[in-house]
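Novice: Annotation source Swiss-Prot lists N6-(pyridoxal phosphate)lysine at LYS32, citing sequence analysis. Swiss-Prot lists LYS32, TYR257 with the feature active site, proton acceptor. If you look up Swiss-Prot, you'll see ARG128, MET305 marked as substrate binding site, on the strength of sequence analysis.
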Amino acid sequence: MNILKISKQTLRNNIKIIREYIGNAKMCFPVKANAYGHGIEDIVENTHDLVDFFAVANSLEAFRVTAVAKNPVLVFGVIYYEYIEKMISENIRVSIQDYEDIEKLEQIAKELDKKVYAHININTGMNRMGVNYNDACRTIQRAYESDWLILEGVYSHLACADNRDHPTNIKQKNRFDSIVKFTKGLSQDIICHLSNSYGFLGQKGICYDMVRPGILSYGFLPEFYVDRVIREIKPIARLLSKVVKIITLQEGEGVGYSLIYRGFEGEQLAVIPIGYGDGFPRELGDRGFVNINDVMYPMAGRMSMDGLTVSLGINEYDVKVGDTVELISAIPRNRNSAFSIAKQTNTIEYDIMSTLNDRIIRKII
């Protein structure tokens, strides 16, 4: 059995640190991609009293949130109109990505005789989603004047927040400042938000009315310097498994597909029942590390869909079947932390955690 153990205390402490850091700004907690792999229902249930909004990528994720919490939920992604009636009935906040969305939403709202809560996404430079910057003001004005829309928010997204010195950060902030000025001229109550986790840590004056700290809430810090208070934020989860078999190699034998790992006579290998079929990175095969009884052991051979092997050497520490194996550590400096694994596989912590799938049990402790 593979378990992602999540510390409720660490999670809540992370959010409290963030809330203190952002001052009076509201907090919108992104729980998209199954709460970055941590389990959307468990995370929402244990944080709903600490945050103002939740945010997700699509309608189906939003319904999972509204099933367990009453907080407002913002959907970042495009509007899937096959789900729009349920979204409106549950007061889920939609993101207007184009001027044309307004008329479509108005028509449906009229038919349902119920207003739609909306946030307008403005493309200030990431060039992925959102209303074109040059069309921003007329779109905001149109939505604000609509009888069937409640324009609750206007937002954008930083493209280079992980690099605090990137000039695009200033360019996007300046553009958003002009949007905020126009928006507040219509109503001071419209929530303006731009910053993700690394945005408000790396840039000044960027919190506006609300921030959206996703990866930071789960305990992952940027690589640039942050102050002492933020350094108290810790990863919330550890991925654990068990040793299910010990194998002793004979002279000339190997292990795994293609037998790329060749051991020595008498070498012992531990079999762990987790693989890339669980969303664990296949690239770690033959070069990753696991922790068994506070000793680091190297992976041996290719990772399979459902299992991997580690070399115990001569097994001087007497690893046994049933011993706990730590695959992902909550200590960033460890060789098997999400940070270290991401570096080793040329990716980011988001990727390592969010790809862990539902074959892995989530457990709040």
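Including glycine, each Cβ sits where the backbone N, Cα and C put it.
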Novice: Report, as a single number, how many Cβ atoms besides its own are within 10 Å of the Cβ of ARG128 (substrate binding site).
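Specialist: Other Cβ atoms within 10 Å of ARG128 (substrate binding site): 9.
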Novice: Specify the count of other C-beta atoms within 10 Å of the C-beta of MET305 (substrate binding site).
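Specialist: Cβ-Cβ neighbours of MET305 (substrate binding site) within 10 Å number 11.
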Novice: Rounded to a whole number, how many Å is the Cα of ARG128 (substrate binding site) away from the Cα of LYS32 (N6-(pyridoxal phosphate)lysine)?
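Specialist: Just about 17 Å between their Cα atoms.
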Novice: So if I draw a 10 Å sphere around the Cβ of LYS32 (N6-(pyridoxal phosphate)lysine), how many other Cβ atoms end up inside it?
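Specialist: The answer is 20 other Cβ atoms.
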Novice: Using Cβ atoms only, which residues of the same chain lie under 8 Å from TYR257 (active site, proton acceptor) while being at least 6 residues apart in sequence?
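Specialist: GLY301, ARG302, SER304 - these are the non-local Cβ neighbours of TYR257 (active site, proton acceptor), listed in sequence order.
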Novice: Using DSSP reduced to three states, classify LYS32 (N6-(pyridoxal phosphate)lysine) as helix, strand or coil.
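Specialist: In the DSSP reduction, LYS32 (N6-(pyridoxal phosphate)lysine) maps to helix.
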Novice: In whole Å, how far does the CA atom of LYS32 (N6-(pyridoxal phosphate)lysine) lie from that of MET305 (substrate binding site)?
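Specialist: About 25 Å separate the Cα atoms of these two residues.
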Novice: Can you see whether DSSP assigns TYR257 (active site, proton acceptor) to helix, strand or coil?
Specialist: helix
Novice: Give the three-state DSSP assignment (helix, strand or coil) for MET305 (substrate binding site).
Specialist: coil
